[in-house]
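Asker: The feature disulfide bond is assigned by TrEMBL to C123-C134, C228-C233, C234-C257, C597-C601. According to TrEMBL, the Zn(2+) 1 binding site annotation covers D213, H215, D286, H471. Among the features that TrEMBL reports, Zn(2+) 2 binding site is placed at D286, N326, H434, H469.
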Amino acid sequence: MKIVLAALLVGLLVATGHGYQVKPRNYNQTVQQLQEEYVRLEEDFRREFQIWKITGVKTPHFREMLEAWKFTEDQRRKELEDLPVPMEGTLCGLCRSVVGQLMEQRQQGASREDLFATAYELCTTLQIQEPDVCQGVIELNIDFFLFIFDDRPTVGADTVCAVVFQSNACILSDPEFINWSVNVNPRSTPITGSKHFPNARGPNDIKIVHITDLHYDPLYLVGHNAVCNRPACCRSDQGIPENPLERAGKWGDYRDCDSPWDAVDDVIEHVAAHHSDAAYIYHTGDIIDHGVWETSIPHNIQSMNRVYNKLAEKFPNKPVYNIIGNHEAHPTNVFAPSTVTQQQFSMEWLYSYSADMWSRWLPQATQNTIRHGGYYTTLVRPGFRVIGLNNQDCYTFNWWILWKPDYLSNQMQWLHDVLLQAEQNNEKVHILAHIPYSSSGSTFRICQREFRRIVERFYDTISGQFNGHTHRDEFNVFYSRENPAHAINVAWNGGSTTAFSNINPNYIVYYVDPESYQVTDFESYIFNLTDANRFPERRPEWFQLYSFAKEFNMHNLSPMEADKMVKRLGTPSGRDELRRYWEFKVKQGDPSLEAGCDDDCLLNHLCQVVVSEMGDDVKCDELRATFFG
């Protein structure tokens, strides 16, 4: 989902996915040198903003500032992480300036209507989004901000922007946001090497299908506008463009469009027909579309009903392990703590709904935690446990982080305690989470730190992590914090069945060792969207894109083998393999292949594999040292 600078204007849209950019060698020094400039920028904006609020007139200087800050169409469609590194400081300064003045207005008695009007004018003036999108998203989010900031007036704009932007240019210094932690049971033995296991893929492996990010849009209409300049296009109210090349296709569209029902129906039908021997289905969230400026609870429930009923129809006797995605909430991304009981903010509707829907696949014992917070654990078979997390509470666009940051420890402590019990029972565990904890720009950095501590403690109990959200076929290697030479865990991403954006739809089939429950191999299945839309009268032709172990000559997919692969790809002789990895990551989407990926781009993608905690670039620095020979 494309960035629309949510934090700047009381919660404007949401970023999806994540990226990583290798920092310039002088990055930290440059940021430090520019801090004084950012302060001057904020003071300049504050002065001009207050003149505007008092007189109702924008000075020529203020108009120049706003004109210089306008977002280009290219910038507004990028993820935060994909904007150029040099823009970090400017965006942080802009964020602190705008948010600071809105908060100051509120403290001086500004009404909801006053703040709405100010935010709306800035959103449209800076061209952050189209007017109807600005209006819709502000309307959906403003009451959450007012509640949080009225209740927590000591939270400053610097903290707000540091939580959202998460870069060295936006420094998070508030101890309340930094100093909470999970109580981790100490290890009895040190980590002395990378985690590995002897078995390769074999005939007795357990087969698991991973479906994620369906993003069903009930408003998708074939032939309608795919270039609408909004977060979601191809919709029935967006008209039919004169240019036939800008019209939505039958099976989806490479541009910022979600999935029509025919495409959602097709992938579930295809998996059921061609992988009937799969033991389990992992479904890692994001059923709802990207129309984030006009969500509602009835809209979300209607879409979820259709998808869950289809899954139940096609997998009547097969366990489907579902988790919640950030788009399932209303408003999108906003997950209030269970202690917030006001009806307009409470998440009780989503958690109770999920508990009811998932009860056809889960035992009664999971009901309590699902209804409390949307997460659960269940023993799949003796010795094998699944943990389904709702880690949207750690999403940087979940505004409730700004209210009580230490509440984030609650679910993570529960995760730790379940893993400790699993360890004592000699169980192996698969963790399902929608947003990868390693997602540098999406997961709150303190959550990354604490999750990494948990993974390090239970690396031998956790046999695999399975994520969605990024829409990319990718993976992340976790390294020991104590000794970064040791690879200890791997998180796999299922990609997406939506083509949003510039990618082909896909799903993943994992092969899992029946003793260690480690992944020995996986296969990615896709169809080419260009070809499918060329012949709309027939179903898409799915095919196996690749086998990971076979393609990259790996014995199995253990952390040790993954580490060897990454090191090989991080050398000049591994460039062809790295390019193939990138092509598979974007699922050979025609627009992505056409745009290409140069060596700097490839290094960014490789570094993304090895960075699991923001600010810890040790493994990336190692790769950069070998990358160009």
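Just so it is clear, glycine is given a Cβ too, placed from its N, Cα and C backbone atoms.
Quick caveat, the model's predicted, so the values are computed rather than measured.
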Asker: Among the recorded positions listed here (C228, N326, H469, H471, C597), which has the Cα closest to the Cα of C234 (disulfide bond)?
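Answerer: Comparing Cα positions, the closest of these recorded positions turns out to be C228.
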Asker: Mind checking which of C123, C228, C234, C257, C601 has the fewest other CB atoms within 10 A of its CB? They're the disulfide-bonded residues.
Answerer: C601
Asker: How many Å lie between the Cα of D213 (Zn(2+) 1 binding site) and the Cα of H469 (Zn(2+) 2 binding site)?
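Answerer: Here the two Cα atoms lie 6 Å apart.
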Asker: In whole Å, how far is C257 (disulfide bond) from C228 (disulfide bond) when you measure between their Cα atoms?
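Answerer: About 10 Å separates the two Cα atoms.
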Asker: Pick from C134, H215: which of these recorded positions has the biggest number of other Cβ atoms within 10 Å of its Cβ?
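Answerer: Result for the most crowded candidate: H215.
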Asker: By CA-CA distance, flag whichever of C134, H215, C597, C601 among the recorded positions is nearest to H434 (Zn(2+) 2 binding site).
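Answerer: When the Cα distances are compared, H215 comes out closest.
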Asker: What is the Cβ neighbour count of C233 (disulfide bond) at a 10 Å cut-off, with all protein chains included?
Answerer: 25
Asker: Whole-number Å distance between the CA of H215 (Zn(2+) 1 binding site) and the CA of C123 (disulfide bond)?
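Answerer: With the alpha carbons as reference points, the distance is 26 Å.
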Asker: Nearest to N326 (Zn(2+) 2 binding site) by Cα, among C123, C257, D286, C601 (recorded positions)?
Answerer: D286
Asker: Cβ-Cβ under 8 Å from D286 (Zn(2+) 1 binding site), same chain, 6 or more residues apart: which ones?
Answerer: T212, D213, L214, H215, G325, N326, H327, E328, H434, G468, H469, S496
Asker: Find the shortest Cα-Cα separation between H471 (Zn(2+) 1 binding site) and the disulfide-bonded residues C123, C134, C601, and name the residue that gives it.
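Answerer: Checking each of C123, C134, C601 against H471 (Zn(2+) 1 binding site), the shortest Cα distance is to C601.
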Asker: Using a 10 Å radius around its CB, how many other CB atoms surround C597 (disulfide bond)?
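Answerer: 18, counting other Cβ atoms within 10 Å of C597 (disulfide bond).
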Asker: Cα of C601 (disulfide bond) to Cα of C257 (disulfide bond): how many Å, rounded?
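Answerer: Cα of C601 (disulfide bond) to Cα of C257 (disulfide bond) measures 25 Å after rounding.
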